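K.L.:
Sharing a structure, written as C-alpha cells. Questions coming.
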Amino acid sequence: MNTNVISSFIAIATSISFLLLSPPSKSFYHSLFLSDSLSCNQSIANHLYILTKRPHVAGSEANAEAAAYVLSTLTSYKVRSHITTYEVALTYPISRSLTLKPTPQDSPVKFDLHQEIYDGDPYADVADEVLPTFHAYAKSGTVAGPVVYANYGRVQDYAVLKQMKVNVSGNVVLAKYGKIYRGDIVENAYAEGAIGVLIYTDRKDYGGVGDAKWFPDDKWMPSSGVQVGSVYNGAGDPTTPGWPSSGLCERLSDDDAEKGGEVPLIPSLPISWADGDRILRSIDGQVANDDWQGGKDAPVYKVGPGPAILNLSYTGKQVITTIQNVIGIIEGVEEPDRYVILGNHRDAWTFGAVDPNSGTAALLEVAHRMWKLQEKGWKPRRTIIFCNWDAEEYGLIGSTEWVEENREMLASRAVAYMNVDIAVQGLGFYASATPQLDELLIKATKQVQDPDNSSQSIYQSWIRSSENPKIGRLGGGGSDYSAFVQHVGVPATDISYGEDYPVYHSMYDDFIWMKKFGDPKFHRHVAVTSIWGLVALQLADEEFLPFDYLSYANELQRSVEDLKIELSEKGIKLFPLFNSIKELRMAATKIANEIKVLQDRNVWASVSKNDHYKVRELNDRLMMAERAFTDREGLPGRTWYKHLIFAPSKHNDYGSKYFPGIDDAIEKAKSINTTDLWLAVQHEVWRVSRVIKHASLVLSGQLT
C-alpha cells in the first residue's frame with residue numbers, strides 16, 4: 001500500500017480516536033448546568049427555610065450559626081472553604097422613646113415603637129430576638145421641637161420648603177422612606193439645621209392602596225411594620241476607612257470617625273406608617289403639594305412647623321465585634337490565578353427571607369450544580385470564588401474589608417465580580433452591570449426559561465416589558481459590588497427577580513412571605529441561579545473573556561452628549577472627553593479584531609505555544625481596562641471612591657451617576673457660581689478624559 005495512503009489512514013484513525021476520547025466541550029457542561037436534572041427548587045427552598053429560622057443580625061450568635069451552615073454546605077459540595085473574620089465597629093440599640101404633644105393643651109402621646117406579631121405567626125417564639133427598631137450608627141441623644149414634614153427628604157424637597165418659606169432649622173423632620181437612601185435623608189436634614197429625624201413608611205408606598213390587605217393576608221406592610229437599616233454614609237468599618245479591620249489594626253476614635261462626615265450627627269429613628277400617620281394629623285401650616293400627599297384615607301398632609309412637638313430620644317452602643325465572611329474556592333486548571341467571583345451577603349436585620357437569604361440560597365444552589373458538573377468531568381479554566389459576606393446591612397462592611405485586605409491581589413487577578421443581594425422579591429428580571437458585560441448578561445437570559453411563562457425565555461419577557469433590555473449601572477452604593485467596582489475597578493454584575501417589596505427590612509420579611517407572595521414555587525430562585533451560574537461559567541471557561549468595550553465607548557459617548565446639553569453656555573470645553581472616547585472606540589475595535597484573527601486561525605490549526613501567550617495577553621488587556629477608569633486620588637471629598645465613571649450620587653447613596661466628579665463639581669458651581677468653581681468643573685472633565693485615555697492604552701496593549 002502507498003505510504004501516503006497509510007499515513008492518511010493513520011491520521012484519520014488518530015483524529016477519530018481523539019474525538020471519541022476527548023472530553024466534552026465547555027459548552028456541553030454549560031448546557032448541562034441549565035438542565036432540569038441539575039436544578040432543584042426544593043433544595044433552594046430548604047436552604048432558605050434553614051437560613052431564616054431566626055433573626056440573624058450581624059454580630060449575633062444566630063448569624064454565626066448561619067455562617068456555619070453556609071460553610072458546611074459548601075464543604076459538602078467539595079468546595080474548598082474557610083471563614084475569614086474581621087473585628088469591626090457595629091452599633092446596637094439600648095433605649096428609644098418617642099413622644100408627641102399635638103398641642104400645648106393636649107396630653108402627650110407615647111409611641112410603643114413595636115412591630116406586632118400576627119395570628120398564627122410561626123416565628124412568634126423567636127420574635128423577641130428581633131432587635132428593637134433603630135437606625136444603625138444613629139447619633140445618641142435627646143431632642144425636642146416642632147415637627148416639619150419634608151416629603152422624601154431629598155435636596156429638591158428642601159428647595160420646595162424654602163420656596164414655601166418654611167424654616168427647618170431647630171425642628172424635627174418627618175420624612176418618608178423611598179426615592180433615596182435613608183442615610184442621605186438624615187444628612188440632608190442635618191444640612192438644613194434639623195435637630196432630629198423620623199423616617200416612616202407611608203401607606204401609599206408600602207401599605208397598599210384602597211382596601212388592600214396586609215401581610216399575612218397580602219404582600220403589603222402591616223400598619224406596625226418598620227423599615228430598619230443603617231444611616232452610615234460610608235462603606236466598610238467607619239473606624240478603619242481605607243484599610244482592613246484585621247486583628248490589632250489602627251482605628252479611628254469615635255470623634256475622628258464623626259469628623260469623617262459619614263457618621264450621622266443628629267438622632268434619628270425609623271417608625272411605622274401608623275405612627276407616621278398619627279404625627280401627620282398633628283401638623284398644621286401650609287398644605288403640602290399634591291405630589292407630597294398620601295393615598296386613600298390619609299389626612300391632608302401639611303408641612304408645619306408644628307404646632308405638634310416631638311420628643312425623640314435614642315441611645316445606642318458601639319462595640320467592636322467579630323464578623324465572618326465565608327469563602328469557597330473551585331480552583332481553575334489552566335489559569336488558577338484568574339478569579340471569577342460570586343458574592344452575596346448573609347446578615348439580615350430580621351429573618352431576611354428576601355433580603356438577603358434568597359440570594360444566599362441561590363449561591364448555594366450554584367455551588368451545588370457546579371459540584372455536579374465536576375462529578376461529570378468539568379474543570380474550570382479559571383478559579384471560581386464563592387463569597388458569603390457579613391455585615392453588609394451596616395454599610396457593606398464584610399465585602400469592603402475583604403477587598404481592602406486583598407486589594408492588590410484583586411487588582412491584578414480578578415476577572416469579574418457577580419453580585420446577587422436579593423435573588424427574588426417579585427415579578428420581572430432586573431440587571432445592572434458595568435457596560436462591557438451587557439451582552440454576556442443578555443446572552444444568558446436568552447438561554448434561561450422564564451419562570452412565570454414556560455413558553456418563552458427570560459429575554460423575551462424582558463424585552464416585552466421594556467422594549468429594550470434595560471441594564472442599570474453599578475454606580476450606587478446599595479450592595480457588595482461597590483468595593484469591587486468603585487474602589488478597585490473590577491467589572492461586575494448585579495441581578496435579581498423583582499425590584500421592590502413592601503416588607504423590606506421589617507420583621508415580616510420571613511419564609512412565609514416568600515412562600516406566599518415572593519416565589520411560591522421557588523421557580524424564580526431557580527431562574528436567578530441559572531443566569532448567575534451561566535454567566536460565571538462563561539467568564540471562567542471561555543478562552544477569550546467575553547467583554548465588549550465598544551458598547552462601553554458608545555455609552556460614554558451618549559453620556560457626554562447629555563453633558564454637552566447640560567453645560568451649554570457655561571464655557572466648559574468637552575473636546576477632551578470626545579477625543580478620549582474616540583480613542584477608546586478605536587482601541588476596542590482593535591482588540592476585537594485581534595481576537596477574531598486568533599479565533600479564525602485556531603479553528604483549523606492546533607493552538608501553538610505562542611498563541612497561548614497571545615490569548616493570555618489579550619485577556620489581561622480586557623481584564624485590566626476597567627481598572628484604568630480609577631484614579632488613585634478618588635473623587636474630591638470622597639477619596640475612597642476611585643472610579644471616575646461610576647459612583648453613588650452625592651445626595652443619594654442608592655443612585656448611580658455617570659462622571660460623578662464632574663456632576664459634583666457642576667452642582668457646586670451652579671449653587672455658588674464663581675469662576676473658580678467652573679474651572680473646577682473643567683478640571684474634572686480633564687480628569688475623566690485622562691482615565692478614559694488610560695483605558696484605551698490598556699486595551700491597545702502598547703506603550704506610548
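Using the three backbone atoms N, Cα and C, a Cβ is placed for every residue, glycine included.
Whatever TrEMBL says is automated annotation, not expert-curated.
Values in this document were obtained by computation on a predicted structure and should not be read as measured data.
So TrEMBL says this about it:
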COILED    553-601  coiled coil
DOMAIN    143-228  domain 'PA'
DOMAIN    325-511  domain 'Peptidase M28'
DOMAIN    573-699  domain 'Transferrin receptor-like dimerisation'
K.L.:
Averaging the per-residue pLDDT over the coiled coil (553-601), what integer do you get?
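P.N.:
Mean per-residue confidence for the coiled coil (553-601): 94 out of 100.
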K.L.:
Go ahead and report the DSSP secondary structure tallies for the domain 'Transferrin receptor-like dimerisation' (573-699): helix first, then strand, then coil.
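P.N.:
Helix, strand, coil within the domain 'Transferrin receptor-like dimerisation' (573-699): 88 helix, 15 strand, 24 coil.
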K.L.:
Work out, from DSSP, the number of helix, strand and coil residues along the domain 'PA' (143-228).
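P.N.:
Looking at the domain 'PA' (143-228) with DSSP, the answer is 24 helix, 21 strand, 41 coil.
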